[in-house]
Amino acid sequence: MSTAILPPGPALEAISDEIDAHNSEKYSLSPSRFRLYPPTPTSPLLQFYTLQHTLQTYAYNLAARARFHSPTRPRPRHTIWSALLLLSSLVDASDPDAAALSQLQHSLQTAEALRRDGHPRWMQLVGLIHDLGKLMAFVGGGVTQGGQWDVVGDTFPVGCAFREEVLVYPGTWGGNPDGADAVYGTRLGLYEEGCGMGGLVMSWGHDEFLYQVLKGLGGRCRLPGVGLGMVRFHSFYGWHREGGYGEFMAEGDEEVLEAVRVFNKYDLYTKRDEEVDVEGVRAYWEGVIGEFIEGDGVIEW
């Protein structure tokens, strides 16, 4: 099973958008609008998730967080806007539902739809930045293993049994040693009922990376806790769309769950071929960014 390094750019965004298209089709009220991805042995999506489900162990996740927090890790400095522009080089070459749609355009389309529908400015900002964790593919320093499996894809808790009944592509978990572990392979694993979703160790990827970056800003980040939860859990489909893992929920998690469910519709169903005028909306979005990210706006990623 290959773990070959793939450069950031179309190769990474292609699998990311294929994942989005799969989720769009699965949860759409109009499935005919989106592509179908049959779980054939040669399906790139099946191969991707088999690799992800094999390698996302609890031990790997501890190591990933240790690398992220290492004082010697290079931390490129970018404003949110400059980070968005950097991600504009990520273009999907394979998704017919959003031909040649860059990550920048997806972010702007999501955020503009939230703005148009009158959602709070903090939620609009989450729409703008929700995929900025994909910057991890550029920053180096060992925050990824160089492939795609620890950057994109649906997320799930590690350190407890994998709930195949609510997770994508059941039957692809057999190669993960945690499934046979005396602790990690049990339903609760390392956790207790009612411990709170924030107490779970989520599989490492762009959601968790961005959450950790924002959390590390301390008081500079003025997003509410619900907004940070939206960043962290928006790819956790086994929870917010399939209804699993409810035994871990605690006070406050229901509010996050409902917010993620609202946001998910904008994340999946706002992709359009018509592009947003980047310079035309820049002033508005820089104002929103400044409202919730204090200081000079520069973030160490």
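Sequential numbering from 1, following the chain as shown.
The backbone N, Cα and C atoms fix where each Cβ goes, glycine too.
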If TrEMBL says H106, H130, D131, H206, H234 bind Fe cation, which of D267, D273, D277 does it name for the same site?
D267
Which ones in the same chain are close to H206 (Fe cation binding site), with CB under 8 Å and 6+ residues apart in sequence?
D131, L132, G133, K134, L135, M136, V151, V152
Of the binding-site residues H106, H130, H234, D267, which one sits closest to D154 (substrate binding site) when you measure Cα to Cα?
H234
I'm trying to understand the geometry here, so how far is the Cα atom of D267 (Fe cation binding site) from the Cα atom of S235 (substrate binding site), in Å to the nearest whole number?
10
Provide, as an integer number of angstrom, the distance between the C-alpha atoms of H130 (Fe cation binding site) and S235 (substrate binding site).
10
List the other residues in this chain whose Cβ sits within 8 Å of the Cβ centroid of the Fe cation site residues H106, H130, D131, H206, H234, D267, in sequence order.
S107, T110, D207, S235
